[in-house]
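Here's the structure we're looking at; comments come further down.
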């Protein structure tokens with residue numbers, strides 16, 4: 001048995017014996033070796049899968065990759081200071097934003113605790129602060145107020161009047177908020193698992209900024225009732241914002257003076273101190289926590305005397321936590337649209353802030369993992385009576401500016417919130433709601449400053465300006481859910497006319513012809529027919545010009561006739577003039593039809609760019625987006641081509657031969673004849689080098705070559721919307 005792994009044994013062993021001993025025959029009769037058992041195979045498979053399993057764990061649970069490498073000496077002080085600063089902001093903002101969601105302030109405190117801890121484990125951004133946010137809060141509030149209005153909870157009071165059962169209403173609204181949060185979290189997790197993080201690409205920066213500005217208007221109007229101490233009627237559906245403003249104006253004579261005074265004083269103090277923080281941010285070691293100071297001061301002043309001032313206060317805030325409970329899934333059918341809107345907006349805000357900080361500090365923010373992280377924060381948080389979360393711009397800036405380096409700052413802020421909820425939550429029961437509304441107002445400053453985008457976009461990109469305005473107006477007039485749908489639909493419409501063609505195989509001489517045929521088929525463009533139609537029209541125009549020239553000569557000759565000619569010759573001359581004028585009219589009508597609506601209408605979004613045309617003059621000198629009409633040979637129908645750009649994604653091609661180069665040149669030339677621009681994207685470095693050696697770029701400008709498909713799309717959109725100036729890459733940041 002010692003010679004198993006050496007020379008073959010000279011005698012034969014029966015196969016059954018070998019099987020019993022765990023040995024097997026190999027090669028020749030009598031040659032044998034160890035037979036691997038099932039356990040050995042499992043061990044081998046595990047040995048091979050351990051690296052991949054480790055990679056999966058580190059990818060899906062990022063804290064496992066950065067926490068073991070955490071440097072206490074370099075980071076702990078900054079993270080602790082940053083976490084305390086953010087935690088101080090969480091307290092007033094959590095209670096204030098909970099009012100936007102039509103929930104009790106304590107649920108805002110819950111939302112500032114549990115989802116933050118979840119994001120620490122699964123998030124990839126080091127600087128964003130997850131928690132309550134005004135836009136998401138108002139979106140959740142629109143759901144809770146729509147499905148749980150006051151009218152549904154009326155009962156006869158002791159004096160016979162109708163009274164709202166506040167406890168039942170609030171409990172039902174919490175169920176609704178948790179259900180929509182759970183459903184939106186599930187959507188986000190599913191999209192992240194299928195690597196759908198690129199969806200943020202379709203939410204352009206003008207769309208997001210226009211949407212958040214419109215949402216800020218909804219937030220502002222929703223807080224006016226606390227500012228003036230009035231109780232307006234609730235409106236739903238399109239134009240509800242306008243109706244609410246009219247209703248509040250009608251109720252202004254009923255304003256409660258004490259609440260108005262408290263609001264104005266708190267608002268003035270908050271604005272002044274926040275401006276000081278902004279002006280001296282580089283000199284101050286920490287921003288002045290004015291929100292907490294105002295809240296504390298007002299509590300001390302109004303503690304125990306709220307009945308004298310008749311001021312609406314926060315009310316009971318229970319200490320401790322409620323037991324986790326499963327959200328009611330029976331509401332899902334009523335919440336699908338709202339959950340999708342919340343999922344998209346919360347992710348878009350988070351990834352935009354995360355990418356910004358990642359670019360600034362040089363680390364990668366995984367868009368798909370961020371989708372999963374926010375989804376898990378919402379899903380797990382919904383079991384602890386939390387509502388939907390996203391990243392907050394103000395808190396994230398504070399976390400970054402006060403020295404936060406990792407998400408340990410989130411752990412510190414969560415511990416601070418834990419202490420507040422358990423020990424001192426009840427101290428805020430006498431806090432006026434008007435003070436919380438002023439905190440909301442002041443924190444909307446950044447979003448209202450986005451109105452400055454309008455003059456900037458007017459000077460730079462009118463297409464982006466149109467997207468911004470349509471998004472803002474849709475959001476203001478048609479509410480947050482329908483406004484988002486209309487905005488995304490309009491924004492995607494801007495990309496119509498661009499086709500992306502990708503081959504899954506390497507392009508070479510064996511399939512070059514098939515590639516060309518597939519391109520024409522999938523793009524819906526029969527280049528040969530379009531070229532024939534274009535030549536036919538050119539020929540007709542040439543003949544028409546000859547007829548015009550001929551008629552002009554005949555008219556000129558007629559005018560030279562002597563006025564004393566005979567009557568018959570005069571009549572002939574008049575007949576010739578009428579004939580020539582008629583011919584003039586027919587020719588003019590023909591030319592008008594061939595240059596305008598006869599062959600479709602010009603895309604009004606297109607602006608001619610002389611500079612770009614000069615750069616691309618190697619292909620064709622005209623950038624004409626007029627749809628081309630041609631007749632289908634099969635059924636005689638008139639077909640129209642509206643495609644103006646095609647992007648060839650050749651990232652799978654590792655080399656190009658002479659046939660491929662010639663085919664690509666023909667594609668550029670043929671499609672240029674029918675006014676369709678061709679772009680190359682995803683070319684490997686070796687392919688670009690081979691194209692240069694083949695003199696490809698002597699006839700095709702390198703301005704048609706892009707690293708990614710996304711870059712090519714952005715270039716085309718800038719080209720369509722450009723008017724006077726060339727865009728720099730930094731001027732068109734996408735989320």
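The backbone N, Cα and C atoms fix where each Cβ goes, and this holds for glycine too.
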Range annotated as transmembrane segment - as stated in TrEMBL, picked from 128-148, 149-169, 212-232, 233-253: 128-148
Segment assigned the feature transmembrane segment in TrEMBL (from 50-71, 72-93, 182-203): 182-203
311-330, 331-350, 351-370 - the range that TrEMBL marks as transmembrane segment: 331-350
Contact ranking winner - 97-122, 331-350, 371-393, 405-422, 467-493 against the transmembrane segment (128-148), Cβ under 8 Å: 97-122
Proximity verdict for the transmembrane segment (97-122) and the transmembrane segment (405-422), three or more C-beta pairs under 8 Å: yes
Long-range environment of the transmembrane segment (467-493) - Cβ separation under 8 angstroms, sequence gap at least 6: 135, 138-139, 142, 202-204, 206-207, 209-211, 213-215, 217-218, 237-242, 337-338, 341, 344-345, 453-454, 457
